[in-house]
Structure formats: C-alpha cells, structure tokens
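Annotated features in TrEMBL:
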ACT_SITE  182  active site, tele-UMP-histidine intermediate
BINDING   61, 64, 129, 180  Zn(2+) binding site
COMPBIAS  19-28  compositional bias 'Basic and acidic residues'
DOMAIN    20-192  domain 'Galactose-1-phosphate uridyl transferase N-terminal'
C-alpha cells in the first residue's frame, strides 16, 4: 500500500512510453517489485493470450449433480440434506495432506520434519457444469463464502492446525485440473513462511505509523470499486499485472469472522471484479486466494493483521529472475490498472 504521506503521482494511462522504471516495496507481502512499463504496451491493451473458453459438459464429470457417488466423501452440502444442492464441500480425492494422521502428529518428527497431517477439501460452487462463479448471483457467491467460513470453523477445532488457505484455480493454466467451477481449502499444521513474512511486514508498518496498512488501502489512485463493507484496489506494489485485492473496510483479522450480510456484500464485489477482469482481459485464467491470519495469532498481533482476497489473472509467466530473487517485474503500474478497471462498462 502507498504511504499516506507519499501518494504516487497521478499518471495518465497514455504516459507509459515516458514513464521511468520504479521499485516499490509492499508492506503487506514484504516484497520488492520492479515496475518496468517499457516492457509492455499500454495498460488498456492487455489481453489474455489463452482465454478460458466456455466448457461443455464432459460425459464423466464427477462434480455434476447426479454423480455424487463418484466423488470423494461429502463433508456437507447447501442446502443440508437436499438432493437439489447448490454447493457441496467434499474431501479431495487426491489430498496433499492426510486427515487421518492427527493422532500421530505429536509423536514423531523433528525441527525440519513433521507428520503430514492436514485437510485438503474441495468446494463445488454450482451443481451445473456450465456455470462459472462469475455467473452466479451475489447471494449465491455469498453462500460460497459462507461455506468457506463453515468449513474453516469445523477445521479450526483441531488443535494441530495452524493455518487455513482458501484458494481457487480457474482454468488449466491457472492450475485447475477440473473444469467444473470449484475452489479448495487446505489446512496446515504449520504457518507458511509467506504468511509469517506478511505478518512481519504489517507489523513493521504498524510500528512505524501506528496504523494497519490494509486499513490504509483506500488511497484514491488505487481504488477500483467499493461496496458497503469492502473496497477493491490495485495494490500499491502489485506483484502481477492487473492483480486486484478486495479488502474489508472494517479492521478484521480472520476471514471466518465474516457474517452473512458481509458475505453477500463480498459476493457482489467479487462478481463485479471477475466480470470486469474477464471483459477487459479477454476472459483470462485466474487464481484467487483468501489471505487470513493464523488461527493461533496472538492478541498483540490483531491490530496489524487484516484479511483480504487477492485475484491474480494469469497474464504472464514467472521467470528465472523472479524465482532466483523473489523480486517480481510488473510491466503495468497499479494506478493505471485501477483507472482502466474503473472505466470498464458491463452494460
């Protein structure tokens, strides 16, 4: 996020050719990003080279209604016990972690190795194969958010779990192995290093300014749209082209504290952002991730921990420089992204 005392210059979208490269450090991700507009065309010209085409229903999709017996075990459905379900939460058939190892998790392992206990679930977002998340109404997307919340609350009862990641891969190049609209939940017995780094960054900003850097995310140059309870922004030091964050306006450390009214409000803004990205960027594959706080976050950390939802359209690959340094090159300034997406008309 931009420091309130150092707002960025108000660049026009046609000034790309004359813009100098710039390095920015984001206190949220704790990462340096190189903005190099000379490596790209105008922000309004970005398009996906591999759009996600509408997917016809395959003859053997186990996520479609009526094929429930072909899936891994069901955890719950919405509505409960209704054969005409709208959302199903199931175990992942090929889990990265084993939910049956909890009794052993404290009996073996070293500082560098522990038993691979955890949860890996799938949230089937619609019963019909042709429906994508952006095609569901805001209340329906809100119900998906509520399903996330319910599953997180269930998993959080396990003392061995430290962090829960909700994510969605849309499109094969974004990592989706199934074309039926779905998202995933992974619960880990450790706090990943990226999450720890995020906490360190937000702590440093808080100690320097006395403010939560995500509460400060509403600088006018970066805002795209807002709803009653959320604001969508192109982050000050965005790692990827056309990256968008949806941030709660009120300070909130954990996603699973989201109430039903705010869930629908989030669904409305998420739908709008996905539709704008699809229209502006030629329906690209994308990922979204919900960045929440560790379950066992200390009370002293609450003033500077603030959850948010990150959307990343898949427009460019990651090269050796990025992998070697952890420093990314972004060819488009976020204030230009915000301007372009603000002006997208869905009429």
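The backbone N, Cα and C atoms fix where each Cβ goes, glycine too.
All TrEMBL annotations are machine predictions without curation.
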Do you know which of the binding-site residues 61, 64 has the most other C-beta atoms within 10 angstroms of its C-beta?
64
Near the Cβ of residue 180 (Zn(2+) binding site), how many other Cβ atoms are there if near means within 10 Å?
22
Site of maximum Cβ density within 10 Å, from recorded positions 129, 182:
182
Measure from the CA atom of residue 182 (active site, tele-UMP-histidine intermediate) to the CA atom of residue 64 (Zn(2+) binding site) and give the result in Å, rounded to a whole number.
11
Between the Cα atoms of the residue listed as 'active site, tele-UMP-histidine intermediate' and residue 129 (Zn(2+) binding site), what distance do you get, rounded to the nearest Å?
10
